[in-house]
């Protein structure tokens, strides 16, 4: 991975990256940032732009130790960052083999923990591009888990910043070429065992061939619009929650007249507050039926509880309450 110091060339790709990072920093009043650096084209290009636009940049390289030689790749990335002018570069080795939800989820959780632990008080810039956003939206559509899952990634979700969500992956690669950088090519990024790789390799090309090369841009634009819509609904739901939530219970009679989108947002907030873990769409709909389609139903199980007792929601005298249900009787 060869790098060089000196004034940045004013190519179209580099100028676009710098504008994206400059705009993100200005909007949030940030000057000192950390960059999550893998050594790939996206994160290298982000690091270059951040060094040019921010007051101080720290590069954090996470070694997942999932491939032979990953330590050498991580050290090379950190060395490149130092040559590019970061104030500091650190390599953090993590155990990405343990955890729930499969290898992708375990690696992601370990990576984000490491980034959070080593960022200090600075926001962490992540190199997700417009193409990543389009893939994320398609993955959300495939899961069918509701509007929130197709809102995609946000440009700011403290402490995570994504200044490149409007930049194409081809632009980051072009910038690396302009700078004479040789990015690391992670084998996982071309392994069809990973769902995102199949979306990138098999699904998006078919959509572009059938509908036009603008498809990723349209998907990313739709995700941004859905974020705005979701924020508006969340604000209404928060005001509704103030009216219907008690200390532990929820007033079903007050919530019932509200639109379904508002009811389910309020119910999710309440369930999580009372200890439920990641309630599913099926669970939310069943709890919502206790509010809006009350016919004397029995308890509804939701995620959470103890090993010997699950959490359940019951309706009593017009109020929803959460209790424990002995699993041995289920």
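From the backbone N, Cα and C atoms, a Cβ is placed for every residue, glycine too.
If you look up TrEMBL, you'll see 33-201 marked as domain 'tRNA(Ile)-lysidine/2-thiocytidine synthase N-terminal'.
Listed in sequence order, 169, 172, 173, 175, 176, 181, 183 are the same-chain residues at least 6 apart in sequence whose CB falls under 8 Å from the CB of residue 41 (ATP binding site). The feature ATP binding site is assigned by TrEMBL to 38, 39, 40, 41, 42, 43.
Here TrEMBL flags 250-320 as domain 'tRNA(Ile)-lysidine synthase substrate-binding'. Taking H, G and I as helix, E and B as strand and the rest as coil, DSSP gives the domain 'tRNA(Ile)-lysidine synthase substrate-binding' (250-320) the counts 30 helix, 19 strand, 22 coil.
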Site of maximum Cβ density within 10 Å, from binding-site residues 38, 43: 43
Environment of 38, 39, 40, 41, 42, 43, the listed ATP site - residues of the same chain whose CB lies within 8 A of the CB centroid: 37, 44, 45, 77, 127, 172, 183, 184, 186
